[in-house]
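Shown next, in structure tokens, is the structure this report addresses.
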Amino acid sequence: MAAADGDDSLYPIAVLIDELRNEDVQLRLNSIKKLSTIALALGVERTRSELLPFLTDTIYDEDEVLLALAEQLGTFTTLVGGPEYVHCLLPPLESLATVEETVVRDKAVESLRAISHEHSPSDLEAHFVPLVKRLAGGDWFTSRTSACGLFSVCYPRVSSAVKAELRQYFRNLCSDDTPMVRRAAASKLGEFAKVLELDNVKSEIIPMFSNLASDEQDSVRLLAVEACVNIAQLLPQEDLEALVMPTLRQAAEDKSWRVRYMVADKFTELHKAVGPEITKTDLVPAFQNLMKDCEAEVRAAASHKVKEFCENLSADCRENVIMTQILPCIKELVSDANQHVKSALASVIMGLSPILGKDSTIEHLLPLFLAQLKDECPEVRLNIISNLDCVNEVIGIRQLSQSLLPAIVELAEDAKWRVRLAIIEYMPLLAGQLGVEFFDEKLNSLCMAWLVDHVYAIREAATSNLKKLVEKFGKEWAHATIIPKVLAMSGDPNYLHRMTTLFCINVLSEVCGQDITTKHMLPTVLRMAGDPVANVRFNVAKSLQKIGPILDNSTLQSEVKPVLEKLTQDQDVDVKYFAQEALTVLSLA
């Protein structure tokens, strides 16, 4: 390649070569990330004739550099002269698609898929398809796995003779000796099926699907379950029973729990793909078995799908199927030995209320909710409480309130701070559903207790919780019930609690407005400017800066300004700094 002697146009390429050969990975990475700038400077012709061959030859670098290169090349079409020259990008990407590191290969495949759309049909056949064939017939499994992701993007736009060849290559990959290749083929089978003609789906994809679904490796079989969804969507209803269902039944009872888990995980999609009749005859019994599976992971995956499955049952049989076939299984899952299973069920079970309506909810679901509210696992109780809105719409929450209260109190005092945090986040929702009287009587004291929790994240969440409660119940309520308690904390011996008063005033002032802030909260803030602890004093300055915009100008001048000016003379540097900042921001300086 030409040297950079006195020729400015060559300068960027010289820098690039120097940096690409530099010992320092970071420099090599930076130069790769600037590749588009360099290509622009070189122009399309030299990018094609010099830069790309150079890059193709240097593919033996750190994975991070190769990953950046694979990504860059996917956006290079205009830099090589547009679609008619896009095939020049194939050699470096082909090399990248064969490297050992999976992340690099995947990125190269992603870029190849992107630029495939910019090839004309004749260029696809002349350049892209030969690349796919080379990768698919490569000696290393890495190139064969990469090939699997390239069939669906070129298949629709090539001649029928080439299509037949591509199908043959894909068939070979599905029966490759290496499990990693069969896995890659299984994971792309569904998307390949989508671009095939229906006759070929029936005659060629279905046999591949059946073979992969009975592969000796469970990691291959479980990917065939994913493909099943796509294939079932493509076939007419009358073919499903013969072509797909035997394989699906076999997967639902597979000896490997990972395959059964995949069936449970994809159940909603499978259900929609096969339609109401097959659901009634086949999927309902299969779902019952998955809910009773011996492996907890499978039961948990099925539990997650309970609500969606019931929602999607056809209206004529929905209630009957739920009451006679699904509910008995749910009742067993409520007292499952595994807490993940119970927790998964608790996150969706409330959603059955709107489906079953008021009477069935009260008779059948309510006892289950109450049992779950008393469960020893906090996640179960939390999941029930966080989904109360579904039930509230159907039966009103009063039915639950007697059991709710002990559950809420227990969670509010749970030893794990993350559990306490989660219940705080649901408090505004609960408050809105339970009403102000119930809240004041039973929950107000909890909300105040959180303000003095020993974990800062809880105190912080409790503060913003107060704001949301005032938004729900109004500022008069705040004035009567919350503000007096918050202000009382300003005399607490613990300086952290005194600071919490300031944090609460910051957020309450936003929702309570000028009148309440000026008359009731400001005097406390101003008084706290004389606190013995510097941390409290500088938070006074921050609070005044925060609530200043809410106050009227005369209050700012007569009450706030003197206090801030006094704080600028404080012996503590932080107090001085924040007081000065507040004066500046409020335009009082």
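Every residue gets a Cβ built from N, Cα and C, even glycine.
What Swiss-Prot lists as N-acetylalanine is Ala2. The annotation N6-acetyllysine is assigned in Swiss-Prot to Lys280. Residues or ranges marked as region 'PP2A subunit B binding' by Swiss-Prot: 8-399. Annotation comment: Swiss-Prot describes 47-321 as region 'Polyoma small and medium T antigens Binding'. According to Swiss-Prot, the feature region 'SV40 small T antigen binding' maps to 85-239. Feature annotation from Swiss-Prot assigns region 'PP2A subunit C binding' to 400-589. Residues annotated as repeat 'HEAT 5' in Swiss-Prot: 162-200. The feature repeat 'HEAT 7' is assigned by Swiss-Prot to 240-278. Taken from Swiss-Prot, the feature repeat 'HEAT 9' applies to 322-360, supported by similarity to another entry. What Swiss-Prot lists as repeat 'HEAT 11' is 400-438, and the listing cites similarity to another entry. Among the features that Swiss-Prot reports, repeat 'HEAT 14' is placed at 517-555. The repeat 'HEAT 15' annotation in Swiss-Prot covers 556-589.
Note: the residue listed as 'N6-acetyllysine' has non-local neighbours Ser314, Cys317, Val321, i.e. same-chain residues 6+ apart with C-beta under 8 A of its own C-beta. When pLDDT is averaged over the repeat 'HEAT 15' (556-589), the result is 88. Secondary structure at the residue listed as 'N6-acetyllysine', as computed by DSSP, is helix. Long-range contacts of the repeat 'HEAT 7' (240-278) within the same chain: residues 202, 206, 209-210, 213-214, 218-219, 221-226, 228-229, 231-233, 286-287, 289-290, 293-295, 297-298, 301-302, 305, 308-309, 312-314, each at least 6 residues beyond the stretch ends and with a Cβ under 8 Å from a Cβ of the stretch.
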